[in-house]
Amino acid sequence: LFFTSCLVFSSIGIGAIAYKILFAELVGWKANLLNALSYMIGMLGLLYIYYRGISVDIKLSLIVLYLPVGMISLCYIVYRYIKLYHVKTTKSHYIAILRRSSGFFLFTLLSIVVLQTDYMVISQRLTPADIVQYTVTMKIFGLVFFIYTAILQALWPICAELRVKQQWKKLNKMIGVNILLGSLYVVGCTIFIYLFKEQIFSVIAKDINYQVS
C-alpha cells in the first residue's frame, strides 16, 4: 500500500507542475478545469466499480481514483515539452528561474512541514475512529480552502507582475480585497458547516457518530 501510494501521489506531484505553468500564463481556469475533470474521471471509475459490485482492495481504489489525476497532468507536461523542444535556452535562463522560485520553494517546504505535523501527532495519540473523524473534517474544510486557494493561485502571477512593475497601490488594494473577501468566505462556510454538520457528515461517513460541542 505504501509503495502504491508513493507512486500515485508522486505522479500527481510531478504532474502538478503543469498547473503551475498554466497559472503562470494567466490561464489558471484551464488548470482548474483539468484538475476537476481528472478527479471526476476518477470518481466515475469508483462509482462504476461500486455499482458493478466489483471487489477491489484499497490499493486498486487509490489507483482508480488518482491515476487520472496524475496521468492527465503528466500528459500535458509531455505535450508542452514536445511543443517547446526546439526552443533554445541558456544557463542564464535557468539561473533566473531558480533565483525567482527559491522563495516560493522555501515557503512551500515550510507549509508542507507545518500542515502535515498534525497527522504525525494524531497518529500517536488518537484512536482510529477519532482519526477518521479528524480526517473527514479536514476534507470538508479542505474543499472550502481549495476554492479560495484556486482563486489565489490564479491571482498570484498578477500580483508578481505588479510587484515587478512596482505598482504598489494596485498590489496592496488587490491583497486587501482578497483578504477581506477570503475571510468572509471562510467564516460563512464555517458557520454553514457547523449548522448542517450532522447532515453533511451523514453523507460522507454515515456510520460514524460525529459530535461538535
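Every residue, even glycine, has its Cβ placed from backbone N, Cα and C.
What TrEMBL annotates here:
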TRANSMEM  6-26  transmembrane segment
TRANSMEM  33-51  transmembrane segment
TRANSMEM  63-82  transmembrane segment
TRANSMEM  103-122  transmembrane segment
TRANSMEM  134-156  transmembrane segment
TRANSMEM  177-196  transmembrane segment
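Against the transmembrane segment (6-26), stretch 63-82 has more CB pairs under 8 A than any other of 33-51, 63-82, 103-122. Note on the transmembrane segment (134-156): residues 19, 23, 28-29, 31-32, 122, 126, 174, 178, 182, 185-186, 189-190, 193, 200-201, 204-205, 208, 210 of its chain, located 6 or more positions outside it, place their CB under 8 angstroms from a CB of the stretch.
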